[in-house]
Amino acid sequence: MAKVRAALDRITDPSVKAVLNEEAYSHIRPVLRESLTNNPYAIAPDAADTLEKYGIATNPFAVKVHSHGAVKSIENTLLERVGFNLPKEPCTFLFLKRSKLRYLRRGPSNNDIFINLAIEPRDLQRYEEDTLVESWTRITTRYAYISDTFHFFTRKMLADLFFHNPALDVLYATLVLPPEALHKHPSIEPDLYTINYNFNGFQYIPGNHGGGSYSHEFKQLEWLKVGHLKSPELCLTFQMIESIGANHLFMITRGIKITPRVRTFTKDSYVLFPQIFHPRNLNPSKPFPKVKAMQLFTYVKSVKNPTERDIYAKIRQLIKTSELSDYHPDEIVHIVNYFVFISKLDSINSYSDILSLPIWSKALLPIKTKITQLWEKLTGARAFNQLLDALQWKTFTYPLEVVDSPQPLQTRDCFIEDERLEIDTLEDEIPPNPNDNTSMSPQSIEEAVKNNPDLPWAPWLLILQAHNADCTEKQYDPENNLILPIQEINTLPKHQHPDIPTDLLTLLTKLHREPTTVSLDNHRARAYGSDVKNLRIGALLKKQSKDWLASFALKTENIEREVLMSVIHGAGGSGKSHAIQTWMRSLNRRDRHVTIILPTTDLRNDWTNKVPNLEQANFKTFEKALCQPCGKIIVFDDYSKLPQGYIEAFLAINQNVILAILTGDSKQSFHHESNEDAYTATLEPSIITYQPFCRYYLNITHRNKPDLANKLGVYSCSSGTTSFTMSSQALKGMPILSPSIMKKTALGEMGQKSMTYAGCQGLTTKAVQILLDTNTPLCSSNVIYTALSRAVDHIHFINTGPNSTDFWEKLDSTPYLKTFLDCVREEKMNEIIAAEEPPTPVQAPTTHFPKVNPTTVIESYVHDLPEKHDREIFSETHGHSNAIQTDNPVVQLFPHQQAKDETLYWATIEARLQCTSSEENLKEFHLKHDIGDILFLNYKQAMNLPQDPIPFNPDLWTLCRQEIENTYLKKSAAALVNAATRQSPDFDSHAIALFLKSQWVKKTEKIGCLKIKAGQTIAAFMQQTVMIYGTMARYMRKFRNQYCPRKIFVNCETTPADFNSFILDEWNFNRTCFSNDFTAFDQSQDGSILQFEVIKAKFHNIPEDVIEGYIQIKTHAKIFLGTLSIMRLSGEGPTFDANTEANIAYTHTKFNIPCDAAQVYAGDDMSIDYVASVKPSFNMIEHLMKLKGKPVFNTQTQGDFAEFCGWTISPKGIIKKPEKMNMSIELQKNINKFHEVKRSYALDHAFAYQLGDELHELYNENEAEHHQLATRSLILAGQATALDILDYGLRDLK
């Protein structure tokens, strides 16, 4: 597999990788779908890993929560195993709910029998009432199954069960008994279940949830050992078929058969230490994990003179915090004493070797050895023999030897001979309603009118009540007109069909929606058929074969057909589909005589969620419904959004349809055909065609509050008020409705949930945002009505244009928007309440890390280092570079790049810089305008910048200029004198003085690198240029800090305490995080990044001459070799800010990043606590950008956390990577500079040091060793006070 993986890693072609990913996904998708059958739960990662060990997959996208979902998935898996073993003939199920049949892969056709005896009170609500019996009844099938109750049986009960049911041959039984309970040990699978021992028994607790626990007696554990059960009349044989954790599946058959002699529940992974102390009770007595025992043994033998405290610290390091409760303090004390003892014993063989002895000594050696052994028996064994005896660990095992019943059992008659359980089949019917009437009687109408004489709709009150609407008060629209809940009444004949289900017909009659006969319009069907045949419309239909298209058009050519229809019109939120969905929820899962046709995938998903009992094949999008068989009853939901002529064409080709139910709203938007050449584009909307066949329009809503609904002319059955707000910016977490598809697409690409005004039909949400722009006046009243009726509680208007009379003219353009004008203006600000002071954090308990041998740690780095010149860069002109210095192996681990190194200087120029011409740079700049625009739109959305350009503030610009000048003047006089040349007005404003940066390379991945790589350049611009564009960067930084979202942290002008506070408050450690490792970040910032910077500067209204000057220096920058290509240079002035903002723009252009994802940025460094998917649009522009990023993923588990700016991001806060810290200290020691940096190192190290015992949850063994060495070095250097004080204020973060 390693060679296959290596071959795949060598593939770099993106198209080939895409094919491989698609192929892999095609295999992954069915596995994930199948896993939801037995394990539909959201499982904790550790429990999911345990389940995977047992072959049970967990869908990482599952969101269903269960208190002990992992154990439930085991139960379901065993049920599936039982179902595979059972024959297709009828079987008897004892103590099993009928709903569990789906896990057994069985259905009603198997005619299975259910017998459930109510033994405890909760059995009455656990099992179906028709399966409960007061006493046992006869089992007449050959196979039976007892579900998770068998452990409560006695042996005699089981013998009686077989004796009195001669037809029963095979009994499958599942029982829940943890084998470790035989030894009173803690759970061997603590991620799945735990065990309490008390009251002379034990409690099995699944998922650590006490509410689902079972109390057991120790005698019940004997079932795990039973091999044969004998009585005078029969003999039963037991065989364990499957064992997963504490759940076991047994097969019990008649007769004496062979069964395995040993039952294995788990592999042997524990050992018992020998009894080396007296008295015996002062020795370790409980099993200890063998892996941890070996780790402790090798530790005490690898460290010189380990102390008792060191061994305690090592044990604490090896045992997870979550596992500490499984150990007793006295047992830990005995284990420590055991290892202290063997640490003092000599492990060097003290006996004579035979290789160095002469021949006569070899002949006498056995005699000498025998005498020595006799002497040691008298005086005591040598230290080496003592060690070997002390290491005779005994393997502890949980497997059991099976036993037979100790004595024959006497059976007794405990079954009823003359009774047999009768299983009644449930009929699909709606429970009777006390107010249910098949029609409105004259008496009921008369009574309603009498009780409500002032209501014009009093005769309709019973029908309104059937829609859960209590319309007994009057409501008025803004013009003070009375709003009628029932409108557009049509008197129509009532027709029936004998095949329509009675309960459905009763429901329609109750709602006064009886079917009526409708003649199909041949012209509409023919127009749709022609458009489909000639590929003018459709997406899926265009992929059908020519024969299918021709056949479809022929079937729609001439139709003369009448169909029963129930047309249901009503306002948004009136519950048009609610009654139909309620009826459908009473149907059998495999019922196929009803098909629901939906205009959109979102609406289809909504129906499948609301009617989960039917298979998804019953719900079809409209195009797929034409290509697949359908039922005899069709529901066209939101049919106004279906293409014109679709309904007629569908009914023309599906002659089996006996009833069509149409639901829609004549006040909302309808389907618009964008292809003007299509015949269907000239047809009138379907809502108009079928409105005459609707008996009445239900003008009520359960969705909108009265203040909103009444303005729309709709009667509200809800209470409360709607909140209206308006601003020029979008709010987070709310869908946006836009008037155009273009805006909707752009917003969607930036991760914002968006829909068009017309496309939001069917949406119901707590709050919605409505985007107002120049396209709003072009929208029809129906479309505006659709958008305004989506929200339940809050509507936020986004005005992207100037806040002037032009904006209010937009509101005047439609009849609805104007009514909300006053509401927006009168909205009051919520009172701001100061937050309470956070409680003082509790200081972590101190800890002690085990002693580590520093020589051993350093040796792992230096033993593979090649000779100096094999690592250096060689140039024929300048010879070898000089980055590897001194003969000290520790110093040689760290390359030292120096400005005077000519070989490295030219190698850096060749690797980092590329020359071209100013004309090519300008061409590159202008060709990348569109990409720069996309980058800025994503940056603007990510950083929450205002919609309108930011007005220029001269005072703020002056302030930023002063800050830049003050910072520059803080340099020493010598530094200012050295830069005198660049301060001269004669210095070319486009010229760059180039230097090699002197530095020690201390990155963790570069420690001990085998080959020296190119360094970094410093580009020295004219000082006036640096000052101007440094001012520009600082000016825009002020606004970036002002608008920066809470979830984004930019590490600029901040302290480690600020960063630490952000991580603790915002970072999510419950998922994999993501970083972007850029390749040649500075060199890759081409014309697209420059365009982004220019657009960003113009948005901040930076003076035009400053922007033009910036373009000049970026496109005309030159060194002694010629003009440089457009790239980022270190001495520009805005380098750090520009890099950071380019990083943000690129990341948000490439990835779909949710608003709740915490993000950190600094230059080319970044990390996000979420694995974001790549936007489809990025694939279209990726090849046009030089900037490339390689994703790096961290699981955020022990030893695998994200790194950012030299800090490790952990659940306890930020900490320095211990490996880098320790190795940096070693370098400073060996170059005699440690005294200069020890305090700053101590202050950084304090973030980890003060976490104390919590570090065991963060560090792996290697990191713990480096942490111990770094801590020891700093304390010996006198920095204990700095480690405790922590000047950054970690203990009092604000």
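Glycine is treated like the rest: Cβ placed from N, Cα and C.
So that you can see what the record holds, here are the features copied from Swiss-Prot:
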- 59-224: domain 'Alphavirus-like MT' (DOMAIN)
- 541-698: domain '(+)RNA virus helicase ATP-binding' (DOMAIN)
- Gly570, Ala571, Gly572, Gly573, Ser574, Gly575, Lys576, Ser577: ATP binding site (BINDING)
- 699-832: domain '(+)RNA virus helicase C-terminal' (DOMAIN)
- 1071-1178: domain 'RdRp catalytic' (DOMAIN)
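Ala571 (ATP binding site) has a Cβ environment of 29 other Cβ atoms inside 10 Å. This prediction places the mean pLDDT of the domain 'RdRp catalytic' (1071-1178) at 89. Reduced to three states, the DSSP call for Gly570 (ATP binding site) is strand. On its own chain, Gly575 (ATP binding site) has His467, Asn468, Leu698, His702 as residues at least 6 apart in sequence with a Cβ closer than 8 Å to its own Cβ. Secondary structure at Ser577 (ATP binding site), taken from DSSP and collapsed to helix, strand or coil, is coil. Each of His578, Asp665, Leu698, Ile700, Thr701, His702, Arg703 belongs to the same chain as Gly570, Ala571, Gly572, Gly573, Ser574, Gly575, Lys576, Ser577, is absent from that list, and has a C-beta within 8 angstroms of the C-beta centroid marking the ATP site.
Close to Gly573 (ATP binding site) in the fold, though at least 6 residues off in sequence, lie Thr701, His702, Arg703, Asn704, Thr764, Ser789, each with a CB less than 8 Å from its CB. Sequence-distant contacts of Ser577 (ATP binding site), defined as residues of its own chain at least six apart whose C-beta falls under 8 angstroms from its C-beta, comprise Val635, Asp637, Thr663.
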